[in-house]
Amino acid sequence: MKLRNVSKNNLNKEDTKLSIEQFGGNVEWFNITKTLSESLPYIQQFSGETFIIKYGGAAMTDKKLAESFAHDVVLLKQLGINPIVVHGGGNKINEFLEKINKKSTFINGLRITDAETLEIVEMVLCGLVNKNITQLINNAGGNAIGLCGKDANLIEAKKICYTYKENQSNNVEKILDMGFVGEPHDINTDLLFFMEESDFIPVIAPVCSGENNLTYNVNADLVAGALANAMAAAKLIILTNVSGVTDSNGNLISELSVSHAENLIDNGTAHTGMIPKLQTCVRVVKEGYGSAHIIDGRIPHVLLLELFTIHGTGTMVVNSGV
């Protein structure tokens, strides 16, 4: 399907031009009306489409932000958009690991996961975090169902291994065993399409099964990206604890091409947890027809601001030059 072009840069601003004088100088009325009128082209464009939302960070741990997120998700559903929520929960996992004095090691934003850590990850993500998010959305008036990748073979994973050079002089690559860390390999889209048609909102924990009935801890960004491609989603939205993608001087980049995003990874400007996020966004816009957004989850109702206003709030990754 070809989407109409109503990007931030292509919307005709004259179509929504209003003046404060028309509202008797009432700035509040002006701002409310302006925002609502700006949203119409986006609502018309995306009605019936699927949005994959990766939820994590401060938006999850702060009660008021969590409630505003839940209300935004329900509003999307009411507008005819089909949101699918994929969540992380790293802070809560760290909290439980600290109770047993266990430290975590991360490689390129991925947690090395042994058997003991995997047990904690599955307990926290599937049994605690997932159900809390589901309840919040239901409390806001939605019909959310909590799942993990293992349910109905929703997401099949395969083991991840990293190669690295121990010594630059001999140029010999070694394999780093990440433990029970996987990446998405296959998606059961039938279940998700059924849930969309039944007006349910899937909330997915990134704990998946793989070969030989093994369980894998899969990075939530990677799961969200795989779902976006499998479901031909119009948008992938990743909530973070930063304003978006920044350049080497710390300035926010509001719109980012695939080539620019790849350069930020290669030159080290993007690092730690931003690496899998940008890699996921690049993969999605290369293989799909939608766009990917990295936005600041610390802002109340940031989903609505990014999706339904002219200027947005974070970084949009698109498959074209800027």
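Residue numbering: from 1, along the chain as shown.
Using N, Cα and C of the backbone, Cβ positions are placed for all residues, glycine too.
Residues annotated as substrate binding site in Swiss-Prot: Gly89, Gly90, Arg111, Asn217. Listed in sequence order, Gly56, Arg111 are the same-chain residues at least 6 apart in sequence whose CB falls under 8 Å from the CB of Gly90 (substrate binding site).
The site 'Transition state stabilizer' annotation in Swiss-Prot covers Lys54 (among others). Over all protein chains present, the Cβ of Lys54 (site 'Transition state stabilizer') has 32 other Cβ atoms lying within 10 Å. The DSSP secondary structure for Lys54 (site 'Transition state stabilizer') is strand.
Sequence-distant neighbours of Lys277 (site 'Transition state stabilizer'): residues of the same chain at least 6 apart with a C-beta under 8 Å from its C-beta are Gly109, Asp221, Ile238, Thr240, Ile294. Annotation source Swiss-Prot lists site 'Transition state stabilizer' at Lys277 (among others), citing sequence analysis.
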Measure the Cβ-based neighbour count of Arg111 (substrate binding site), defined as the other Cβ atoms within 10 Å of its Cβ.
-> 20
Mapped onto three states, the DSSP assignment of Arg111 (substrate binding site) reads strand
Pairwise C-alpha maximum, in angstrom, for the residues (Gly89, Gly90, Arg111, Asn217) that bind substrate according to the record | 12
When you average the Cβ positions of Gly89, Gly90, Arg111, Asn217 for the substrate site, which other residues in that chain have a Cβ within 8 Å of that mean position?
-> Gly88, Ile93, Thr113, Val121, Leu125, Asn219, Ala220
Lys54 (site 'Transition state stabilizer') sits from Asn217 (substrate binding site) (Cα to Cα, rounded, in Å) at a distance of 16
